[in-house]
Amino acid sequence: MGFCPIKNVIICCTCAFLLMFNKCYTMEVVPFSLRYYNRNVPINQGDNMIINFATRMASPSSLCLLAALLALISWQAMASDPSPLQDFCVADMHSPVRVNGFACLNPMEVNADHFFKAAKLDTPRKTNKVGSNVTLINVMQIPGLNTLGISIARIDYAPLGQNPPHTHPRATEILTVLEGTLYVGFVTSNPNNTLFSKVLNKGDVFVFPQGLIHFQFNPNPHQPAVAIAALSSQNPGAITIANAVFGSKPPISDEVLAKAFQVEKGTIDWLQAQFWENNHY
């Protein structure tokens with residue numbers, strides 16, 4: 001297995017698993033191929049992996065193994081909001097049907113108001129104690145966003161205010177500064193944890209990749225700042241790191257957190273006793 005790059009570990013491990021079942025599979029050169037594409041690397045860099053293989057099925061179990069391989073290879077193609085299969089699928093908020101997203105309202109009952117909200121995103125918002133206010137417009141406010149894979153937010157920053165480190169588990173974010181200056185950044189995943197940061201001025205744009213911890217800070221002690229963010233999900237979600245770690249209900253064991261942060265338990269107890277206010281409204 002030394003020929004396999006680490007990032008293709010899913011394919012490699014699956015192939016190794018299949019080779020264990022010598023009754024089911026014999027490797028040879030045939031026209032049939034499967035292609036694994038790592039979405040984190042552009043195609044034009046040639047970073048693709050082609051697996052050519054044939055199956056000589058000796059038992060029905062080999063069909064199950066092949067299905068499992070196909071599922072593992074294709075999972076990334078389904079790792080985002082479902083694509084619409086019709087012009088629109090306005091969310092039926094009262095439907096008893098539980099699906100990934102919302103069931104569709106009868107098209108005969110749809111009207112223009114299902115795609116509209118008088119959000120007043122041009123109006124300044126009051127900020128909280130960390131100095132920010134996120135006004136999110138997602139499928140919960142505009143039912144017509146269901147299956148369309150997009151939402152928008154206005155973010156207000158007080159002088160020296162911040163939108164603290166957080167993640168969006170289901171969306172990439174693209175942020176545009178409308179007023180003021182922002183220091184922004186995101187941190188890559190383990191093991192490198194590299195910080196990519198930039199100072200943005202009015203009209204500047206910055207992208208935060210899906211799932212990565214990121215933040216925005218207004219460094220001006222006298223002037224507020226405003227930004228608009230577009231997110232690639234009808235319901236991007238937000239996990240504010242400090243709130244989740246120190247404000248969970250019930251609380252995470254102080255022994256666990258003291259060990260994780262390498263501090264005394266008394267420090268963790270003090271942090272957990274604070275009021276961790278949500279800045280998403």
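Any Cβ shown, glycine's included, is placed from N, Cα and C.
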Residue among CYS64, CYS89 that, according to TrEMBL, closes a disulfide with CYS104:
CYS89
I want the residues beyond HIS166, HIS168, GLU173, HIS214 whose C-beta is within 8 angstroms of the mean position of the Mn(2+) site's C-beta atoms, in chain order.
THR167, ALA171, PHE186, PHE208, LEU212, ILE213, PRO236, ALA238
Does CYS89 (disulfide bond) have same-chain partners at least 6 apart in sequence with Cβ under 8 Å from its own Cβ, and which are they?
PHE102, CYS104, LEU105, ASN146, THR147
Which whole-number mean pLDDT does the model give the domain 'Cupin type-1' (119-269)?
96
What whole-number Å value do you get for the CA-CA distance of HIS214 (Mn(2+) binding site) and GLU173 (oxalate binding site)?
10
